[in-house]
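What follows is a short report on a single structure.
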């Protein structure tokens with residue numbers, strides 16, 4: 001009986017303990033839901049507030065990189081403080097400390113964001129002031145350079161404003177003119193480091209025009225040519241003349257004191273080069289696939305697209321930077337290399353010997369272009385002897401002669417291309433149309 005009574009009391013004690021545990025569990029769950037709900041609401045308010053403040057504080061940052069760096073710095077500070085608060089949670093208890101953390105975190109976040117707004121405003125003002133000082137410095141340098149050029153005719157490299165400094169190895173002989181009329185007049189009144197560049201391509205233009213309108217029309221290739229043949233040859237002559245004209249324009253106006261005009265004339269020069277390269281490639285593709293119209297027009301279309309790209313790309317500000325001469329050379333070399341891609345098709349379809357015979361006339365022109373481009377990009381020989389090639393013999397002078405030589409060699413090669421194309425047309429009985 002006593003044993004039975006003891007078991008009964010134990011059962012009642014266990015039942016009571018279980019009921020108490022259930023009550024504690026329900027209370028804890030209720031309290032936990034309240035804590036989580038409160039935390040979610042406060043976190044949502046915190047995030048929305050921080051997002052709004054961040055957007056308004058950093059909206060005036062000048063660059064994305066500055067915004068990112070400043071945002072990362074603020075976020076790292078906030079995370080550091082939140083980690084400290086999390087440690088306090090562990091020490092002081094969940095509910096009270098969680099609410100306190102969120103309240104304090106929100107206040108801390110707002111304070112940090114206010115600091116960020118202040119920093120952003122200061123950075124914006126500093127950037128504006130730096131831009132104003134830089135603009136004033138360039139304007140002052142322009143005025144001083146114009147004054148010196150009027151007094152001495154030409155000026156030294158270190159007298160040039162920063163945007164006009166292209167080749168640090170050419171030290172003397174720089175013109176600097178206030179307007180376009182002075183630029184044009186100085187080409188005949190002043191011996192400068194641009195004189196050889198201007199007159200080499202002006203005289204070259206006269207040579208190309210005489211070939212296009214006198215020597216080509218009396219050549220055997222012209223007498224046997226169709227209207228389309230003449231049109232293709234005409235495209236090459238037009239592109240060559242345009243390249244030389246654009247070059248003369250650029251080197252005449254490179255001394256203009258208006259930076260915007262100076263950069264635009266540089267782009268004109270680059271578009272002339274792009275057109276010449278594209279037209280030269282088209283003449284090769286046209287004659288190489290004289291009896292294969294599908295292949296001929298496919299390759300010509302691809303080259304035309306690349307040529308148009310080459311005419312647009314120079315107008316991007318990055319393309320004209322003085323320290324990226326290698327990029328400009330690499331682009332034009334790549335554009336010229338696309339003209340060699342049909343070699344693969346010709347080798348497969350006609351064999352290596354036939355391909356070599358088809359392309360051999362162009363080798364001289366390519367070697368001249370490539371040699372001039374390498375020297376231009378490397379700034380050789382003036383790199384080795386600064387100041388010794390200021391007026392003649394510099395890399396840009398050599399490049400100009402290489403361009404003119406490449407045009408003349410290409411004309412000679414084009415004559416050979418058309419002779420071979422006419423021979424194939426007669427043997428195979430094909431028509432160019």
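Heads up, the Cβ atoms here are built off N, Cα and C, so glycines get one too.
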Candidate sharing the Zn(2+) site with 396, 400 (per TrEMBL), from 159, 251, 316: 251
May I ask for the residues of the chain that lie six or more residues beyond the transmembrane segment (297-319) and have a Cβ under 8 Å from a Cβ within it? 263, 266-267, 270-271, 273-275, 277-279, 281-282, 285-286, 289, 327-328, 331-332, 335, 338-339, 341-342
Under a criterion of Cβ-Cβ distance under 8 Å and sequence separation of at least 6, what residues of the same chain contact residue 396 (Zn(2+) binding site)? 167, 197, 376
Measure from the Cβ of residue 400 (Zn(2+) binding site) and count the other Cβ atoms within 10 Å, all protein chains considered. 23
Most Cβ pairs under 8 Å to the transmembrane segment (198-216), of 228-252, 272-290, 325-346, 398-418, goes to 228-252
Three-state secondary structure, which DSSP defines for residue 396 (Zn(2+) binding site): helix
If I restrict to non-local contacts, at least six residues apart, and a C-beta distance under 8 angstroms, what lies near residue 251 (Zn(2+) binding site) in its own chain? 194, 197, 198, 201, 269
